[in-house]
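Before I ask anything, here is the structure I am working with.
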Amino acid sequence: QDYYGKELQKSEDLKTNACITSARPLPKVVRDALERIHEEVVARYYGCGLVIPECLSSCRILDLGSGSGRDCYLLSQLVGEQGHVTGIDMTESQVRHGSGALPLPPSSSSTSFSSSCQVEVAKKHIAYHMDKFGYRKPNVEFFHGYMEKLGDAGLADESYDIVISNCVINLAPDKRAVLREAFRVLKPGGEMYFSDIYASQRLSETIRKHRVLWGECLAGALYWRDLYSIAEEVGFSPPCLVTASPVTIGNKELEGIIGDCCFVSATFRLFKVPGGSWAGPGQVIYNGGIVGHERELVFDANFTFKEGEVVDVDAEMAAILQSSRFAKEFLIRAGGANAAALQGCCC
C-alpha cells in the first residue's frame, strides 16, 4: 500500500520496466474504446499494456484484479450489450497495479484490507459509461474480494467464457489457488488470458521478502516452469505463449540482490478443454470473421492463421479451437501432411 500509494506518483518512479513493458499495436476498435473511458478510471495506471483476447462478442468475462475498472469498461464495449463483464478487486485507497490489486506480502496479514475504494470508483462510473456506450442496461458489475476465493464473492462454477488478469497473479501468495478458481468459474472450452512476470529460476527468500522488489512485481514472480506444472495440475491445457519481453532493472542495488536471475513479462493463454474433444492433429482454415482480425489472427507465438489458408495444427491446438469460442471461426478437419510433427508446438 505504501509503495503504490505514496512512493509511486508517476511511471518514471518505477525502478524496473516490469509494469511498463510494451505490447502489440492496438487495433483501431480498441483505441476508440479507450477514448470513451472516464478519466478518473484511467488515472494512476501502472500496467503491462492491455490484456485483450480476440473474439469477444456476447462473451461473459471476469477480470481478476480489476482496480478502478479500466479494462472492464474497455471490454464492456467489445463484448457488446449482450455480453457481460465482472471485475473483482481487493484494493483500498489508491493502491493500483496494472488492471488490478496489490496484496500484502505473504508475511503480512491480509485482514487489514477493509475498504474497497477502488471498487467504489469503478461502481461510481457505471451509469456514465452505459450512457456513453448507448446501453439500455449495465453489462458490468464490480465486487470487492480475493481472486483466490472467488466463491466468497458468489461467482458460480462454469459461469464465464473468459478470465483475464493484468500482471497481478505474481502478487498473490497462493498462485495455485488463483488458477484453480479461474478453472472452476470457466465454462468448458473457456479461456484464461493473462499477462504476468516470470523468473528464470525459483527465487531466494531474500528476494521474496524484499519490499521494493515486491512492489515492482519481481519478488512474487513465478518460476516459468512452475506455470506449466500448476496449469496441468489444475486441469488446463498446456500454456500457449502469446508475447514475451525481458524485464530490465536499471538499478545497481536491486541488480545486486537479484544476481543472475532473469525476469520476463509474458502473456499466456490457457484453455479448459473438455476431455475427448479432439483425438489427434488436424488442419484448420480461418474464415476471417473476427472483428479487428479479419485478415490474420495471431493466436500465439507458434500459430498465426491467415484468412482462407490451410494450417496444420497439433492435437492440442485442434482441441482448443474445436472446443472453444473460436470453433465458429474455423473449419476444422482431421489429419494433415505435417500435423503429426507438430505435437506439443502449442506450448
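Residue numbering: from 1, along the chain as shown.
Each residue, glycine too, has its Cβ placed from N, Cα and C.
Annotated domain 'Methyltransferase' per TrEMBL: 57-96, 118-235, in sequence order.
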Any idea what the model's mean pLDDT is for the domain 'Methyltransferase' (118-235)?
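Mean model confidence (pLDDT) across the domain 'Methyltransferase' (118-235) is 95.
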DSSP-wise, what's the residue breakdown of the domain 'Methyltransferase' (118-235) into helix, strand and coil?
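Taking each residue of the domain 'Methyltransferase' (118-235) in turn, the totals are 53 helix, 28 strand, 37 coil.
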When the domain 'Methyltransferase' (57-96) is classified with DSSP, how many of its residues are helical, how many are strand and how many are coil?
10 helix, 11 strand, 19 coil
